Each structure stands twice: as C-alpha cells, then as structure tokens.
Ligand code: NAD
Ligand code: LMR
C-alpha cells in the first residue's frame, strides 16, 4: 500500500500495529489526531510481523473519513518493510512484543521482548535520523526495555547517537490514568465538582513496587485516610494484574493503554507541529548520557535523591530539537513521609536490578 510522503508530513511509525494495543492506538490516531496536527499532514506507517493482521488493520482504518493517511508494512510483504516504515519517521511508537498471562510478572517477558525491542532498535538506528526522532517504548518490562533501546541505539549507531537517550521515553502514563481514575472513584461523592478528574503524579518505574503513586500531591488528598491510601497505592501498583486476570490468558491492558498512549502521542504531535515549544509529562527516561554524565540539568540532583538509579519516571520538559531538557528533581522535596520512607525504598533496589538487566542486554546487541 504505497503512499507518497510529503516533506512537511509528520510520519508516525507504529511497530506492533496488529496487536491489541497497536490496533486500538492506531484507531485513536486515525480518528482523533487531526485535531492536534495544526493543519499538518499526518501519515501512519503500521508495521507488524503478523502480515495479515497489519494489512487488515491498515485496510480497515483506510476507510475512516479523516485526512490522515496510512501504509501497511510487514516482512512477509517486503524485505525492506521495516526500513520503509521507519524512514523519515518523526515518532516511533513501540507496542511490539508479548503480553503477560495470569501468573506471570512483567519481568518474565524480558527475554523475549528484549530480543524484539533490540531488533527494532537496531533498525531505528539504521533508518531514522537519531537527532530528530522520538521513540516511545510501550512494551514490557518498560523498566528494562528502555535501557535496552538506549544501549542498542548507542551500539548500533556509534557516530550518530550522541544525546539519543534524551529522545527515548518509557510510557508509564497508564499508571497516572489509573491513579486518577481510582482516586476519582474514591472521592466521587465527597468532592464537587465530581466531573473533574484528579491529577496524581506517579514516578519510579512501571512494575509492582517500582510504581510510586504520589497521592499526597493530589488536591483531593485530604479525603484519603491512611488505610485507604495504602489500598489505593496497591491498586495502582497492581492494576495491570486486574486486567490480566480478567482477560484470563487473552492478554493484558490494551484499550486503557491505547487511551494512555494517545494522551502522550497527541502532546508529541503538538511539539512536532510547532504548536507547542515545549511539552512536559512524566516519562521513564535515562538520567545519564552516554559518557555517564547527567543527561540534563536536574538529573544530578534527582540521582542524588534516588540512590543513583540511572533511569526513572519523573516529570520532564521536552523540546523538539533537544528532547529531554530538564527533569523536575524538586518533586521529591514535596512528597509525604510515607511516600519517601516506605514507597521509595521498596522501588529503588528493584528498579536498579531491572535497569542493569536491560543495560547488559542492550550493550551486547
Ligand atoms: P499483542 O500480543 O496483542 O500485540 C503485540 C504485537 O506485536 C502483535 O501483533 C505481534 O505480532 C507484534 N510483534 C511481535 N514481535 C514483533 C516484531 N519483532 N516486530 C513487530 N511486531 C511484532 O500484545 P499487546 O496487548 O498489544 O501488548 C504489547 C506489549 O505492551 C506487551 O509487552 C505488554 O506487556 C505491553 N504493555 C505495556 C503497557 C504499559 O503501560 N507500558 C500497558 C499494556 C501493555
Ligand atoms: C499494565 O500495567 O496494564 C501493563 O503493564 C500490562 C501488564 O502486564 O500488566
């Protein structure tokens, strides 16, 4: 399904587009993105190893009446499928990989999904302009696969990857979506107006104890007693398990994840079109550059407060040309004693182990 790409087109590559997240996210992109594209042409390049799946998704979405165009790419259709999908992409979204089944942790997906993400990272290094592209990693375990992606880009494009760690983002936004939803459920009859959704920052990583919801920073926090707080925190940390259990072997969160990813992608599109000079949000990012120096101004101060964890989901500021330009280390100065003394100490050692696993695999690509 070839399609000419205009030079001012914003090309978005979706790798794993035939999957549960890939399909729902592609639908949201095709139906909703025009409102955020500032009159720029958007093209969706859909890639999957499931050839029938991705052909079908692209054909189906091509009947949706928006000006966003699509192409389908699969290795069964062309040896250059991945190159054709990635070339000139400004944004690469990666929901490619295997989801959990009941009884599994996200870490159990590491071996298989690290291979997939490592292979895709090698292709991104080869075909994308690393000084321009943004890479958003959705596949699990995010805590390890973002280091895999960053190290793969370094190893595969030694001359072109300076600063690329500032352009690779682990997508943990579903944790914020859940925290907001669960707090809203909890407070709905106690606060006015009940149609306003709370904002709850969630930092750390994206797996169990590494997920650190900061309910103390929500304006509704006065409605939460300590015992309720602990169960809200636990529900956010293990919210993914609720879906895995309900789907009973048919996968994990796809619809809520597509919603969360869309919220993120639309902001990146605003940045890419120039409608926004900077965007901010909580992303799982590298705090060190390739030389082992702090990757951005706030990184050194954040590292000092998180026991040297070299990747962390924290509020960051992003520009189109530089990627992450700052991280808000000050957020840790505002959190409650419970969050600082109970939640962070459980998060940090587990996060470090996952980061190390990812860095080790990534450097051997
Ligand atoms: P899925 O199995 O429905 O879809 C995955 C797709 O990836 C499939 O279509 C498959 O063919 C494709 N794929 C596999 N190997 C590939 C490769 N080498 N290149 C391109 N495509 C490839 O799974 P899903 O439910 O969409 O979940 C995808 C991933 O996202 C899982 O790892 C899951 O754990 C993760 N996830 C992350 C979050 C988060 O908050 N970050 C939330 C939900 C799910
Ligand atoms: C989630 O949080 O729903 C995802 O990370 C998928 C999972 O495995 O739980």
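From the backbone N, Cα and C atoms, a Cβ is placed for every residue, glycine too.
Copied over from TrEMBL, here are the features:
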type	residues	note
ACT_SITE	206	active site, proton acceptor
BINDING	16, 17, 18, 19, 20, 21, 22, 48, 113, 138, 139, 140, 257	NAD(+) binding site
BINDING	100, 106, 140, 178	substrate binding site
DOMAIN	10-157	domain 'Lactate/malate dehydrogenase N-terminal'
DOMAIN	172-358	domain 'Lactate/malate dehydrogenase C-terminal'
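When other Cβ atoms within 10 Å of the Cβ of residue 178 (substrate binding site) are tallied across all protein chains shown, the result is 25. Looking at residue 22 (NAD(+) binding site) and residue 140 (substrate binding site), their Cα atoms lie 14 Å from each other.
Cα to Cα, residue 106 (substrate binding site) and residue 113 (NAD(+) binding site) are separated by 10 Å. Take the Cα of residue 16 (NAD(+) binding site) and measure to each of the recorded positions 100, 140, 178, 206: the nearest one is 140. Comparing the recorded positions 100, 106, 206 on other C-beta atoms within 10 angstroms of each C-beta gives the minimum for 100. Among the binding-site residues 20, 22, 140, 178, the ones whose Cβ sits under 6 Å from an atom of ligand 2 are, in sequence order, 140. In this structure, the binding-site residues under consideration are 113, 139, 140, and the one with the smallest number of other Cβ atoms within 10 Å of its Cβ is 113.
In terms of DSSP helix, strand and coil, the domain 'Lactate/malate dehydrogenase N-terminal' (10-157) has 71 helix, 25 strand, 52 coil. Ligand 1 lies within reach of 18, 20 from the binding-site residues 18, 20, 178, judged by a C-beta closer than 6 angstroms to any of its atoms.
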